[in-house]
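Visitor: Here it is, the structure, as structure tokens.
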Amino acid sequence: MGAVGAFLAFGVAPVAVVAGVPAAQAEDFDWFDLSGVEALGPAESMADATNPDFLADLVNSWIYLPVHALQQGWITSDFGAWVNDNLINPLPQLLFGQDLIGNGADGISGGSLDEAAGGNGGLWFGDGGDGGTSEYGIGGAGGSALGMTGNGGAGGASFEGNSGGDGGAGGWLMGIGGNGGAGGDGVWYLNGGAGGTGGLGGDGLGIFFGNGGAGGAGGLGGSGIAGESGGTGVDGRDGTAGGVGGTGGAGGRGAWLVGSGGNGGVGGHGGTGGAGGKGGDGQDASVAGGIGGNAGDGGNGGVGGIGGKAGVGGASGLIGAAGLTAAAGDGGDGGDAGLAGNGGDGGAGDATHIDGGTGGRGGDAGIEGAGGAAGGAGGAAGKAGDDVLVSGASGPGVPFPGYDIRGGNGGNGGAGYDATVAGAVGGNGGAGGDAGSVGNGGHGGAGGNGAAGAAGVSGGQAGQAGGTGGNGGAGGAGGALKGLGGTGGDAGVGGTGGAGAAGKAAHVDGGAGGRGGDAGVAGAGGTGRVAGAAGAAATGGGNGGRGGDGFNATVAGASGGDGGAGGDGGSVGNGGDGGAGGNGAAGAGGRAGTADVPAFPSDSGEGEVWGLDGADGSVGGTGGHGGDGGAGGSLAGNGGSGGSGGVGGAGGAGGAGAKGLTAAVDPLDPIQPLDSGGAGGSGGTGGAGGIGGAGGDARSITGVGGDSGSGGAGGVGGAGGATIGDHVRIEDSCDSSPVPVCLGSLGGASKGGAGGQGGAAGATVGKGGLLGHDGEAGSAGDGGAGGAAISDGVAGGAGGKGADAVAGGAAGNGGAGGASSGVWGKGGAGGNGGAGYDAQGEAAGGAGGNGGAGGAATGNAGTGGVGGAGGSGGSSETGNGGTGGAGGVGGAGASTDAVLTMGGAGGRGGVGGQSDSGTAGAGGAGGSGGSATYVAGSGGAGGAGGASSSGAGGRGGDGGAGATATGYRDVSGGYLSPPGQILGRGGDGGIGGNGGDSATGPAGDGGNGGAAATGPAGRHVFTFGGDGGYGGNGGASGSEGNGGNGGHGGNGAAGTVIGGAAGDGGTGGSSYAGNGGNGGNGGTGGASLGAAIPYSGPDMTQFVPNFSDGGDGGAGGASTTGTGGVGGNGGDGGSGAADDDGNRVVVGGDGGNGGDGGVSGSTPGGAGQSGTAHDGLSPGNGGKGGGAW
């Protein structure tokens, strides 16, 4: 036929140009380029025709694909389409109803099945159309290639379990069959419907070449329907089985001569079984004390669907490979087991049925569904559904890491009723319900609380005890039938005992607290493959009730009531706290004075009326004792703590002294009244603190003993009675006193009452359990404050003494001295601090209490009170001695410069506690002096360090600092001329305490002298600096230890007239074999700033006897065989002052002498250096070196 005939045979030869035919353009024939990739067709077409057989692949790639590409290029080009539609296809359409050249149309989806089918290709050449999907979900068949060459169309996909459409056949000479459509998935609403079968692959019918199409995939089986949950107490429904997977379609066969068979379609996976329904929860009890309802069981899970069978591969031609058989579908997973319901809770108790109800039983869990079988080779069997044990979780209360138990729990027991009637018992808690096959047991109900006791109704009846608390309910048993045993229910907590009633006026003592209820028994754990844990024992609750408080007295001078004892704890509870003691009542006020006619008429005439003294106020009442604490529980794992003892009541305040009667005025002395106020009553003593309760005996971890109660505070002293009139006059000169305030005739004394002594702390602390510790001791009570004095020339009341400490407790502090507001009055002395506790064995001695502050003096010519002494530190056998308490601050005078006042001295520091072999306690620091306008108060002496037999001696306390004088303005000119200038004297520093001795160990160092203070500065302000305090001596050592070093002397303070003298250094302590202590350095004298000594008024130099000399250094301590101590250095003298013309007005102080070195049989001590004189008469002498024995 030749090349032209071959070209025309395929219908692609050029034709004559006909009118109306579009001119051929180059772009219409670009499909002739066989060198391009497009000539081989798209990649997916090549993949469909690929076969491992070499010859079949070669024919496909080099012969069929280029020819097919040329044909599709002609059909789809604009020129080819015009020629086909207008010149070639009209006649065949008229004769046969089919195009000669062209591709079949694709099927229409959503219509009938016929409409969904793909159209056939042309009678000469062309591809068949792809099938669509009908409105009922059935896939339409793909169109066939009716001509010599062409590919069959793909079958349409289906849904809702219908079969997929078959693929169309290839051309009769050459062509490739279409792929079968996928089968539809089964649907859940058809109760787990089966998946549809995949469509058949189209055959390759070519005589020369053709490959079969692949079979369609089988549809997935539908999921089973989950079971419905049960109602209240009703079982859950079972889940339905999953649907069977669809079978894969068979592959099409290859051509007669050259061609490969199509691969079979994969089988669909089986559907998942439906989950079992949840069992309904039991009904909670609706009536008081009712039993909770049982729960429903969970439903079983549905079986998984069987996997679909695999499609078979198509047969090959004479040359080519057969199609592959696909993998079968996997079996569906089984449905999850239904969760069991939880039991209902028992009802809580009420007034008519006080015990709580039992909880309901939990339901059993459902059985998980089995997995579906595989559809054949290559498929996997499905997994069984999940059990009620969820792997990978860890819920609360489950003792198995990696698992969580769901559902089937027993109901909780109802709580016992809390009693409301006075003294009634609380209800018992209900038992927890048992679990189902896998759940946790219910928790036992809490016991009800006992009611508080009623108040006493008569003088002979105590306040009623509180009611006993109810017992806790037992926990339910855990589940046992599944893989893991459930956890037992927790034990219920015992109820709290009722509180004791408070004391009343008819019966002042408080009632005892009620006993706490016992805890319930913990539920047993389940006995599954892995045993469950038992429920938790109750660790709290069941506490004893608190004792009632004692009555606070209301009748003048009456004592307060005792606090009630705390109730004992239940099996694991804590003992109740003892009640607080009542406060004593205040003393009654004194009776007012009355008029009286004197037996002997005065010079003013007969019939003169005299005033009588007012009566003293009565003593305040004693505070009540605190109640004992209750014992802790002992039966469960943790013993309860003992209750704390109650706090002792405060003593009542002393009554105020009555006001004196106003009497006639004596005409010979018009400023002298003839009456006096009564003295204030003394404050009542504070009550003792209660004793702590005993700790519970525990099996393992033990209870803690209760604390003993703290002592009550001492009562406040009553105020002194008033007197009438102003009884002080200020004159230019009055007798020989340096103070220009002269007293007229005073009224009667009306001193403020003394403060009450602090109450003692409870003597016994509660004992702890086997491994626990005892309770702690309470603090001793502080002394009460002294009463105020308001009459002229009268002192305020002294502060009460702080109580001594008991074992392990703190000592009480002294009370503050009472204030005095009258002229020439004195503030009351501060109370002394209590002594520290003397310890046994290795325990350290207790610290001493601090002294109370001296009372203030605000009247003209008043003096502040002396601060109280610090309490001594407690001793110890082998431990350290206690530190002495600090001295109280001296009372202050008025701060206004028009009022002449003197400050009180600071209190002495307490002595340090002794020790046999430990370190002795340090002495307490001296208190600071009180401030004033005229003469400020001196600092208190430091306490001596404690002694030790073989340990170190204690260090002496430092002296207190002197107070600053704020300055008295001499308005009348009685001291300074001209009037209106300011005068003041700073306070001296306190003496340092001596160091403690030691028999064989090192001795303690002496304390340093206190710092002196000055007054206000200014050229026309005349002030004198205070003297520095002397350093304390070092302690002596009896044998091998070193002697203590002496303390350093304090520096003198500067003054505008004369600076203060410095303190001497303390002497070093001696030793037999050790070294002697070094002497302390003397302080530096205070500087004089340039004001002249006042030339008018009293001689003020009596207050500054040493001027501004430097302090002498202390002598070094002696040693028999060791080195003697080095003498201290002498202090420098203070500088002098000059007037405005440069003339020296005040000569500076002498330098201090250096201390002598210590005598020694081995190495003598070195001498101290002398001090430097500043304008003084002479410098100090150097010390002597130590000599030999």
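Cβ coordinates come from backbone N, Cα and C, glycine included.
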Visitor: Suppose you had to name the range TrEMBL annotates as region 'Disordered'; which of 289-317, 550-578, 666-694 would you pick?
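Guide: Based on what TrEMBL states, region 'Disordered' spans 666-694.
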Visitor: If you look at how TrEMBL annotates this chain, which of 338-360, 867-889 comes out as region 'Disordered'?
Guide: 867-889
Visitor: Would you please say which range out of 450-471, 472-493, 736-757 has the annotation region 'Disordered' in TrEMBL?
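Guide: Region 'Disordered', as annotated by TrEMBL, spans 450-471.
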Visitor: Using TrEMBL as the reference, determine which range in 152-205, 584-637, 800-853 is annotated region 'Disordered'.
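Guide: Checked against TrEMBL: region 'Disordered' maps to 584-637.
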Visitor: What residues elsewhere in the chain lie close to the compositional bias 'Gly residues' (905-930), defined as a C-beta under 8 angstroms and at least 6 residues from its ends?
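Guide: Same-chain contacts beyond the flanks: 827, 830, 832-833, 836, 838, 844-848, 850-854, 856, 864-893, 936-963, 987-988, 990-991, 993, 996, 998, 1004, 1007, 1010, 1013.
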Visitor: With Cβ-Cβ distances below 8 Å as the criterion, list the same-chain residues six or more beyond the ends of the region 'Disordered' (867-889) that contact it, or say none.
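Guide: Same-chain residues near the region 'Disordered' (867-889) but 6 or more away: 799, 802, 804-805, 811, 813-817, 829-854, 904-930, 940-941, 943, 946, 948, 954, 957, 960.
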Visitor: Tell me the residue counts in helix, strand and coil for the compositional bias 'Gly residues' (1110-1136), as DSSP assigns them.
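Guide: Counts, helix then strand then coil: 0 helix, 2 strand, 25 coil.
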Visitor: For the compositional bias 'Gly residues' (983-1012), give me same-chain residues lying six or more residues beyond its boundaries with a C-beta closer than 8 angstroms to one of its C-beta atoms, as numbers and ranges.
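Guide: Distant contacts of the compositional bias 'Gly residues' (983-1012): 903, 906, 909, 912, 914, 920, 922-923, 925-927, 929, 933-968, 970, 975-976, 1021-1053, 1055, 1060, 1063, 1066-1067, 1069, 1071, 1074, 1077, 1080, 1083, 1086, 1094, 1100, 1103-1104.
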Visitor: How many of the residues that make up the compositional bias 'Gly residues' (905-930) does DSSP mark as helix, as strand and as coil?
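Guide: So the compositional bias 'Gly residues' (905-930) is made up of 0 helix, 1 strand, 25 coil.
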